[in-house]
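S.K.: Here's the feature list from TrEMBL:
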ACT_SITE  HIS189  active site, proton acceptor
BINDING   ASP44, ASN107, VAL131, GLY132, ASN133  NAD(+) binding site
BINDING   ARG94, ARG100, ASN133, ARG164  substrate binding site
DOMAIN    8-154  domain 'Lactate/malate dehydrogenase N-terminal'
DOMAIN    158-332  domain 'Lactate/malate dehydrogenase C-terminal'
Amino acid sequence: MLISEPIRVLVTGAAGQIAYSLLFSIAKGDVFGKDQPVILLLLDITPMLPVLDGVVMELQDCALPLLRDIVPTDKEEVAFKDLDAAILVGSMPRKEGMERKDLLKANVAIFKSQGAALEKYAKKTVKVLVVGNPANTNCLIAAKSAPSIPKENFSCLTRLDHNRARSQVAMRCGVPATHVKNVIIWGNHSSTQYPDVHHCLVNMSGSELACFEAVKDDAWLKGDFIATVQQRGAAVIKARKLSSAMSAAKAICDHMRDIWSGTPEGEFISMGVYSSANSYGVPEDLIYSFPVQIKDKNWKIVEGLAINDFSQMKMDATAAELMEERDTAVAFLGV
């Protein structure tokens with residue numbers, strides 16, 4: 001059997017709790033393939049390096065066949081060198097009493113710097129996934145700061161929202177989550193996102209039904225279902241006193257695995273991508289979550305889905321929030 005060359009994968013915020021749930025899955029081969037060796041580059045801020053050393057020890061102690069090397073660092077020039085994939089988890093979290101624009105300003109500085117490091121050190125083919133919030137706008141800033149890397153190589157995580165929506169429908173119908181496909185998250189990874197099930201199919205005892213037909217409760221699908229998915233992150237924080245980590249890590253794995261291996265025939269997934277040349281009237285120059293299909297590591301937006309007035313209104317509202325975020329962030333960027 002031909003053994004592939006190892007790929008270089010960066011995870012930032014590597015001493016944090018999402019990374020703690022994520023790194024094992026990457027190192028084990030669940031993301032990039034069962035015969036794809038990996039070199040893990042782990043970036044965090046200097047005060048976190050002792051904690052990062054503990055994470056490295058644990059990864060070593062897993063004795064994994066595909067994990068060729070682990071490089072813990074606080075230096076961007078080390079972390080971003082020759083990358084094949086970058087998973088940018090680390091960001092400035094929102095602190096109590098913090099204004100959203102202060103949060104944006106702090107994150108613009110981080111993602112401008114990391115975008116510049118991608119530009120300077122990473123392969124031009126690098127696939128970049130931004131997880132750290134506000135993910136859509138952080139992704140946009142990173143992409144703008146790395147002009148020679150194709151814009152298509154940047155995406156942000158809305159797969160967690162997608163998985164939440166899928167699971168809510170599955171529980172309601174009493175089927176496994178794998179029996180629910182083609183839910184859509186439109187827009188921002190925030191409480192304005194629009195979880196759309198108008199094109200969703202549910203496999204009920206062998207036959208595929210439209211979601212509205214399967215659930216038989218339009219008021220729930222247009223009301224509490226949407227609110228539950230939009231507010232789920234806050235509900236987890238309220239219960240755990242910590243933000244989603246296990247489920248976020250699983251969504252990151254799903255997202256990156258689909259980029260690497262493609263989406264199944266006839267299915268689409270949600271991810272935040274560049275809005276240019278879309279047929280849904282979403283303004284240009286945004287990172288906006290769309291339904292996408294992926295083949296040969298390239299995504300394309302699923303075109304031609306019918307959008308009713310209810311959906312259009314919600315899609316427009318989340319676009320408006322993203323435009324406002326972008327304009328605030330770009331002003332801080334000084335471009």
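Every residue gets a Cβ built from N, Cα and C, even glycine.
Whatever TrEMBL says is automated annotation, not expert-curated.
Remember, it's a predicted structure, so these values are computed and weren't measured experimentally.
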S.K.: What is the total of other Cβ atoms whose distance to the Cβ of ASN107 (NAD(+) binding site) is within 10 Å?
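M.R.: So the Cβ neighbour count for ASN107 (NAD(+) binding site) comes to 23.
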S.K.: For HIS189 (active site, proton acceptor), which of these binding-site residues sit within 10 Å, Cα to Cα: ASP44, ARG100, ASN107, ASN133, ARG164?
M.R.: ASN133
S.K.: Under DSSP, the domain 'Lactate/malate dehydrogenase N-terminal' (8-154) has how many residues in helix, strand and coil?
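M.R.: Going through the domain 'Lactate/malate dehydrogenase N-terminal' (8-154) residue by residue, I get 67 helix, 27 strand, 53 coil.
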S.K.: To the nearest whole angstrom, state the Cα distance for the pair ASP44 (NAD(+) binding site) and ARG100 (substrate binding site).
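M.R.: On Cα coordinates alone, these residues lie 23 Å apart.
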S.K.: Between the binding-site residues ARG94, ARG100, ARG164, which lies closest to ASN133 (NAD(+) binding site), Cα to Cα?
M.R.: ARG94
S.K.: Substrate site residues ARG94, ARG100, ASN133, ARG164: biggest Cα-Cα distance, Å?
M.R.: 25
S.K.: For the recorded positions listed here, ARG94, ARG164, HIS189, which shows the highest count of neighbouring CB atoms within 10 A?
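M.R.: Of ARG94, ARG164, HIS189, the one with the most crowded Cβ is HIS189.
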S.K.: State the Cα to Cα distance, in Å, between ASN107 (NAD(+) binding site) and ARG94 (substrate binding site), rounded to an integer.
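M.R.: Roughly 10 Å, rounded to the nearest whole number.
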S.K.: Sorted by position, what residues of the same chain at least six away from GLY132 (NAD(+) binding site) have a C-beta under 8 A from it?
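M.R.: In sequence order, THR12, GLY13, LEU88, VAL89, GLY90, SER91, MET92, ASN107, ILE110, PHE111, ASN138 meet the Cβ cut-off.
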S.K.: Relative to the Cβ of ARG100 (substrate binding site), which residues of the same chain, six or more apart in sequence, are found under 8 Å away?
M.R.: ARG94
S.K.: Fewest neighbouring Cβ atoms within 10 Å: which of the binding-site residues ASP44, VAL131, ASN133?
M.R.: ASN133
S.K.: Using only the residues recorded as binding NAD(+) (ASP44, ASN107, VAL131, GLY132, ASN133), report the maximum Cα-Cα distance in Å, whole number please.
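M.R.: Binding-site diameter by Cα atoms for NAD(+): 16 Å.
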